[in-house]
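Trainee: Feature table excerpt (Swiss-Prot):
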TRANSMEM  4-24  transmembrane segment
TRANSMEM  26-46  transmembrane segment
TRANSMEM  60-80  transmembrane segment
TRANSMEM  96-116  transmembrane segment
TRANSMEM  124-144  transmembrane segment
TRANSMEM  150-170  transmembrane segment
TRANSMEM  178-198  transmembrane segment
TRANSMEM  205-225  transmembrane segment
TRANSMEM  241-261  transmembrane segment
TRANSMEM  274-294  transmembrane segment
TRANSMEM  330-350  transmembrane segment
């Protein structure tokens, strides 16, 4: 694909999200979502392999169904109220249709089945766009929607997503599928929190974007597609392995890393509002996900598979790895800053 075409498509994806965030008319919101989706499709099948095309078609079908459901809910709401304004509280049936459409967009349970297969069939960079940027517009819609209509369907779907995200990643060996289930779980955390504290949910979204961007870029630079690649530590420097493990554990919410703020802020907000049961379910789901993240770290650092003695220092003498290591150091700086600096900002957001 020509570079100018790629830039144009990326700008169109960004423009679609900006239109959704700034619009107050349901038709314009639908138009922004469609613009972003249609511009992303050529970017997704950039590699043009059978697995890549299959994942792209799955993503297109899911997003087309979601957009049709959203437009249908907007039409029914316009029929009830006589207006296309998104500022008017919705009736019960269009509210349910919109909740299902947003659940498909965000990959919430039980509308999540497409996400692991799609991310597994795409390269890391394209998967990063779906797991981060494409979640911003539906989440902003959900944030605004929760202020007008409290949807128990969305809350239930988010709680189930936290459990599915933890349970589904236990038997996975593909890193992209692990990241997909992690995305499902983290979306559940953000959605539940948005119903009770919009400011905390916005902060959690920012932290999620930072951590997810870091881990996708690191795994892409190091070409780590399976857990077996992580076990082959002789081909990577200790700095790279440490960075991968810290970022993965941060994604799981291990204190005192960045991801812990995401979980701590949410639980603090829910417990203050008296939702102890919701908090208990979320903690159980978080422990499940943290278990397989800790298992990855254990297998990578404490288990050394049989290999030749010369290969143990191969990374030190390799000249071909220098450009790769330069990219890794660039991402490392970004990741380490996020790991060390963000926990210091807790008092700015929470009055203990």
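Any Cβ shown, glycine's included, is placed from N, Cα and C.
I'd like to know what surrounds each of these features in this structure.
Mentor: Long-range contacts of the transmembrane segment (150-170) within the same chain: residues 95-96, 99-100, 102-103, 107-112, 116, 142, 177-178, 181-189, 191-192, 195, 278, 281-282, 284-289, 291-292, each at least 6 residues beyond the stretch ends and with a Cβ under 8 Å from a Cβ of the stretch.
For the transmembrane segment (178-198), the list of distant contacts is 106-109, 112, 115-116, 118-120, 127, 131, 135, 139, 142-143, 146-147, 150, 154-155, 157-162, 164-166, 168-169, 172, 204-205, 208, 212, 215-216, 219, 251-252, 262-263, 265-266, 269-270, 273, 275, 278, 282, 285-286, 289, 292, 296: same-chain residues at least six beyond its ends, Cβ to Cβ under 8 Å.
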Trainee: Should anything in the same chain at least six residues away from the transmembrane segment (4-24) have a Cβ under 8 Å from its Cβ atoms, list it; otherwise answer none.
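Mentor: The answer is 31-37, 39-40, 42-43, 85-87, 129, 133-134, 136-137, 140-141.
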Trainee: Please report, as numbers and ranges, the same-chain residues at least 6 past the borders of the transmembrane segment (26-46) whose CB is under 8 Å from any CB of it.
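Mentor: Contacts with the transmembrane segment (26-46): 1, 5-6, 9-10, 12-13, 15-20, 52-53, 55-56, 59-60, 63-64, 67, 70-71, 74, 77-78, 84-86, 105, 122-123, 126, 129-130, 134, 137-138, 141.
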